[in-house]
Structures are given as structure tokens and as C-alpha cells.
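*Asks:* Per TrEMBL, the feature active site maps to H410, D461, E470. Residues or ranges marked as domain 'Glycoside hydrolase family 9' by TrEMBL: 27-483. Among the features that TrEMBL reports, signal peptide is placed at 1-22.
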Amino acid sequence: MKNNIISSKLMLLLLPLMSCHGSYHDYTDALTKSILFFEGQRSGYLPQDQRMNWRGHSSLGDGWTVNVDLTGGYYDAGDNVKFNFPMAFTTTLLAWSVIEFGENMPPSELRNAFVAIRWSTDYLLKTVSQPNRIFVQVGDPVLDHNCWERPEDMDTARTVYTVDAPNPASDVAGETAASFAAASIAFRSSDPGYAETLLRTSIRVFDFADRNRGAYSDNVNIRDGVCPYYCDFDGYQDELLWGAAWLRRATQGDNYLSYIQENRQTLGADDNINEFGWDNKHAGLNVLVSKEVLDGSMYSLQSYKASADSFMCTLIPESSSSHIEYSPGGLIYKPGGSNLQHATTITFLLLVYANYLEKSSQILNCGTISVSPSMLRKIGKRQVDYILGDNPKGMSYMVGYSNYYPRKIHHRGSSLPSIKDHPQVIACKEGSVYFNSSQPNPNVLVGAIVGGPGEDDAYDDSRDEFRKSEPTTYVNAPFVGALAYFSANPNIN
């Protein structure tokens, strides 16, 4: 059987658009900015060392209606709502970035990454501070989205959305447990006491998720607040396996090993294996669990590795199983809007899996094609370079990176005058004039990665086009890990 290490199709995919835009990138600068972005998304009381200094304190009363301090955490995107489902996923991916690629980060950026993780975990710990209860969201999104106002001025209802046992919240609780377990690994050497708190809480929250099975968005009392924004569209089962897998990684406990072995079929581990994002954890789950197989110690988990292999092969254009679409310019494309969320999460998985394969001296077999770890990295690098400017428009889709980037992103705080420059309140509807302005946003949300172009590589710099121009925390989080890798390994060609 002939093994074609590099096919002509694959080479065409990997060719940078050097003739148009050049291909040198400062990955360390991009890494710095990708982490700085999270300071622009902060909710709560800002510390003195806040670097995104056009922001101010906000949402200082969150939780008062339920007599719990729920200040802190991150606004998910360009609005002023705290959606815990995507926030927890963001946290898991930030922690995973540090676990896998922290050694590639300059010490200063590793410290900043820890700060970004802890800003979220400190908040998430508050959301599970009461027995048999989880707070899943703060802020009424209907009222919030009806206004265009700075988080510092926000006067819409800060409704707290709560799930009490025995009502279900397996998805949010499972992802929250995963975020705590992953963060506990990340903090283990630098802050063992905090790591222990996170791990102990993760175990308790996972138990809540497993005992009260079902989707949080199925609860009638909160459904209108969480849907359609962060409804659980893909089922809660993947978050249970995901949470258990992270607890297995964090504890090496046989109980969690048994859980992911025995519940693989009943919880649908073989379903939708080519997806990874805030709502679907399957591809990430399979890559995570594969580490134990590749390390040579756990062949009972082989089915997870087979699914991870299958997913990776869909990214190889010449593979017989290939069905991931690429734009003409080489960007991974999936329908549904905010396309760069797919590019950043898949790139992260490519790099993680390449490391796992390399450390075990293995390659990926895709039918007649053998794919080396370096080839997976090249595919990932192509996505990173596309986002940073090697694309048909020659535009960086990271705000503040290079001289040509989106200036009119769909983001309230960025598009309205800073409270430092304009201390007078800008009320709910008074912000419309800024939304409709043709002028660039006055505050640069450095490091923000926008939703980005779609299948045709087209991008219009417009606040109206929120699916393309709105940044989110879960687009940035996996990109932190990818940029960390390339900051230390910039010359993979």
C-alpha cells in the first residue's frame, strides 16, 4: 500500500498567500493580545492593574436579588450578559491551553493566562456555592439586547437564572465541573491550595450534573432567558462525559475511568464526533481521552482514540473521509455564523493531538495516507496565519494586530465613548447613534477575534453584521493555546 505523506491537494491548502500579503507573523505579540482581550470582557470590580483602561467597574450588584455575591466573570461577547455555559467552556479551554502549551509561553504571558483563568473560576465558584443549586446566568438578554449601552451604565434587569435539584442542568454543571478540574491541573504547581479547592468543587458539581440529568434549557422557568442564545441544542450527554474525562485527568481516579468506559454508548460518545464548541464537546472529548491510549496504558479507551483519528482525517483534503469544508482562501468553514469559533477550536485540537502523537512516536493513518504530527501542525498554522492576515482580504481578524483589522466590531463597550472620557450616563437608546455611526469604534478591544468571514472569505467591517463582527470569549480561548505553541515554534513550514 502506498503511503502518500503529502498530497498535492494538501499542499495547495497549506500554501500561504505570500504573493498577496506575506507570511511573517509575530505570534508572541498575538499571544499577548489574545490574553489581554479578556480584560476587556471583565465584569465586576476591576483591579488597579487593569490594562484595558477604557473599561470601568460594572455589574457590582449582581446576585443581590438572590442574596448571593455573583459579581465578576466575563461578558460572553459584545453584550452585557453573563452566560455561564459558554463562560465555563471558555475557562476549560483557557486552562487546557495552559496545561498543554504553558511551557511555550513567555513567563509574563503565563502569569496573565493564570489571571484570565482565575477571573472566571472565582466567579464560577460563587455560582455553585449553595448545595443542590447552580446559578446559570446573570442578566436578562432580551432587555439587554434591546439596549446599546456600556456595561458601566447598564440599568437593565440583572435577573439571576437558577436551577435547583432535582431539576436538570447537566450541561452547565458538567462544563463547570470540567472547567474546575482543568483549572486545578493548571494551578497545581503555582497555587496548590486553590487547585485543591477547584478539584474538590469539581467533584461535587459533577455529582450534581450526573444526578440531575437533562438540559438546563429544558427548565420552563429559565428557558426564555437562555434560549435561543445559549440553548442546549446538542444534548447534555457530552458534557457528562467531558466532565468525567477531565476529572479522570485531574484525579487519575478509577471511578471516572469506569464512568467514561461504561457510559460511552449510553451517553452517545460516538455521536457528532466532528464537532467541538461551547455546545458540543465530542471532538475535544475524544482528543482528551486519547492521551491515555497513546501513552500506552489504557486500551479500553481505544474507541475514543478511533473517533479522534476519524475527526482528524476529515481535516485532510485527500482523505476518503474528508468532509470539512474550506473556503477558497483556506479557512475551515462550518455553517451557522461566527465561523472563526470553528477555526480556533479545531486548530487547538490539531496541535494538542499532534503533541500526543509525537510524544508516543505515532502517526495518523487516514486510509492510504499517513499523516505526521508535523502535517497536523501545518494545517493548524494555516488557520492561525489566515486569522492573522494571510487571507484574500489581507485583514487580520484579531483586533489590534497589524495595521489592518476590523474597526467597527459589534461590541457595546468598544463602540461607545469610554466612561473615562465621557463620564455622563449614556442611556439605553442613547447609544443607538454610536451603533449606527460610520466611524471606527473609539475603544480598541485589543486581541478580540471577530466572528470572521464565511465560506466565500468575504468580510464587511460593520456592526450590523454581528455574526461576522462580534467577538466572543470562546473564539479567543483556544487561540491562546495555538498562539502559545507557535510563539515558541514559529518556523513550521
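In case you wondered, yes, glycine gets a Cβ from its N, Cα and C as well.
Whatever TrEMBL says is automated annotation, not expert-curated.
Neighbours and distances for these, please.
*Replies:* Long-range Cβ contacts of H410 (active site) within its own chain (separation 6+, distance under 8 Å): G78, R463, D464, E465, F466, S469, E470.
The Cβ neighbour count for D461 (active site), using a 10 Å radius and every protein chain shown, is 16.
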*Asks:* Including all protein chains displayed, how many Cβ atoms other than that of E470 (active site) lie within 10 Å of its Cβ?
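*Replies:* Taking all protein chains shown, E470 (active site) has 21 Cβ neighbours within 10 Å.
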